[in-house]
Amino acid sequence: MEKKKFAIPVFFSVAFVWFTTHFGGGFASGRQAAEFFVSHGWYSIFTPIIAMAIDAVIFYYAWDFSVVNSTYDYRSWTDEFYHPYQKIFSNLYEIIFVLTMGIATAVAFATGGSTIRSAIGTPYLANTIAIAAVIFLLTIFGAKLVREFATYIGIAIIIGVIVVYGANAVVSFPQIINVISDQTVDTNIWSALWSMLLYASFQALAVGAYVAVADVLKTREDALKAAWAGFAINGILLTLASVTVLAYYPEILEIPVPTIHVVNNGVGGVLAENIISILIVLGVISTGVNFVFGGVKRIVSWWPNENIGRSHSIIASVIFVLITWSIARFGLIPLVARGYGFLGYLGIPVLILPVFYKLIKRRFK
């Protein structure tokens with residue numbers, strides 16, 4: 001009898017795309033956890049899970065909407081979602097999402113290039129070219145490869161995060177308890193909740209990349225399962241990262257790479273530093289792949305020819321990778337990033353509030 005191959009459920013593969021997009025250099029380094037959560041002291045034991053719960057609701061609705069309306073690129077999705085005001089809001093979301101994709105992918109090149117240079121000493125330019133080549137190759141063969149890549153890389157990242165953060169959370173547990181029991185905080189609950197909402201909004205704006213791989217979801221139940229799986233993975237690991245970094249509050253807020261500080265003062269040493277470097281590189285590549293693929297699907301949809309083949313995807317991927325690589329290469333990130341901080345604010349009225357409004361309306365229809 002022929003043995004059946006083990007197959008990961010399709011909803012998990014979509015959930016892993018969410019996780020591997022979320023897990024970039026900022027997550028791996030602990031910088032995001034420090035800035036958005038740990039900077040508000042002991043509140044960071046619960047704000048990360050709330051942020052991921054908000055995003056899970058957003059992405060559930062997005063995937064459910066894609067299944068019902070067969071919309072698998074972000075423009076067709078927004079045209080349906082914002083109807084009859086799509087001419088205004090679809091264009092607004094497109095601008096926001098293009099900025100999000102561009103700066104996130106450019107930062108991926110820059111972060112990955114710097115990390116590899118620090119780890120093995122190779123030139124920054126050569127490193128960014130290598131990362132660009134890997135991202136390009138992984139985005140020209142369709143959504144299936146992107147999902148498979150996200151799944152296997154996601155599993156590797158999860159193991160690495162649990163090993164590094166988990167071990168150090170155990171070692172620093174008494175310090176964590178002290179911060180929590182003393183209710184150590186330099187801000188207030190409202191400031192912590194606002195920072196949490198901005199983080200959720202930043203992440204929610206990536207919905208266009210997740211819609212691009214939702215074609216594998218066949219039922220609304222699949223969409224719900226993908227959202228639950230993504231919530232569990234992202235919520236648990238983001239909370240683990242935040243709580244581990246919290247052990248060194250408040251001095252860790254001034255550390256550029258909090259995770260390195262954690263392992264140097266906890267367990268792991270050089271081995272853990274190497275694991276972190278690998279996680280950062282995997283994170284920036286996975287983030288770049290998912291965002292570039294979302295951009296490729298949009299560029300391909302502009303083609304007037306209905307007979308769209310792989311050559312169109314290759315051209316679109318070349319265009320997008322070159323643009324974002326150039327942003328990283330020629331130092332345009334600070335210029336572009338000036339407006340990037342406003343994206344979290346824009347995401348609240350443009351995406352979060354409309355989704356919750358439609359969900360409530362559907363619930364009481």
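Using the three backbone atoms N, Cα and C, a Cβ is placed for every residue, glycine included.
Automatic prediction, not curation, is the source of TrEMBL annotations.
Quick look at what TrEMBL lists:
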- 43-63: transmembrane segment (TRANSMEM)
- 92-112: transmembrane segment (TRANSMEM)
- 124-142: transmembrane segment (TRANSMEM)
- 149-171: transmembrane segment (TRANSMEM)
- 191-214: transmembrane segment (TRANSMEM)
- 226-249: transmembrane segment (TRANSMEM)
- 269-293: transmembrane segment (TRANSMEM)
- 314-336: transmembrane segment (TRANSMEM)
- 342-360: transmembrane segment (TRANSMEM)
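Among the listed stretches 43-63, 92-112, 191-214, 226-249, the one sharing the most Cβ pairs under 8 Å with the transmembrane segment (124-142) is 92-112. The stretch in closest packing with the transmembrane segment (226-249), judged by the count of Cβ pairs under 8 Å and taken from 43-63, 92-112, 269-293, 342-360, is 43-63. Away from its own ends, the transmembrane segment (191-214) comes close to residues 13-14, 17-18, 21-22, 32, 36-37, 39-41, 43-44, 47-48, 50-52, 54-55, 58-59, 62-63, 66-67, 71-74, 77-78, 93, 96-97, 100-101, 104, 143, 146-147, 150, 185, 223, 290-291, 293-294, 297-298, 343-348, 351-352 of its chain (Cβ-Cβ under 8 Å, at least six residues beyond either end).
Residues 24-25, 74-75, 78, 82, 127-128, 131-132, 135, 205-206, 208-209, 280-281, 284-285, 287-288, 291-292, 294-295, 298, 320-321, 323-325, 327-329, 332-333, 336-337, 339-340, 343, 346-347, 350-351 of the same chain, all 6+ positions outside the transmembrane segment (92-112), place their C-beta atoms under 8 angstroms from a C-beta of that stretch.
Sequence-distant contacts of the transmembrane segment (43-63) (same chain, six or more residues past either end, CB-CB distance under 8 Å): 14, 18, 33, 36-37, 77, 180, 185, 187, 189, 192-193, 195-197, 199-200, 203-204, 207, 210-211, 214, 217, 222-224, 226-228, 230-231, 234-235, 238-239, 241-243, 245-246, 351-352, 355-356, 358-359.
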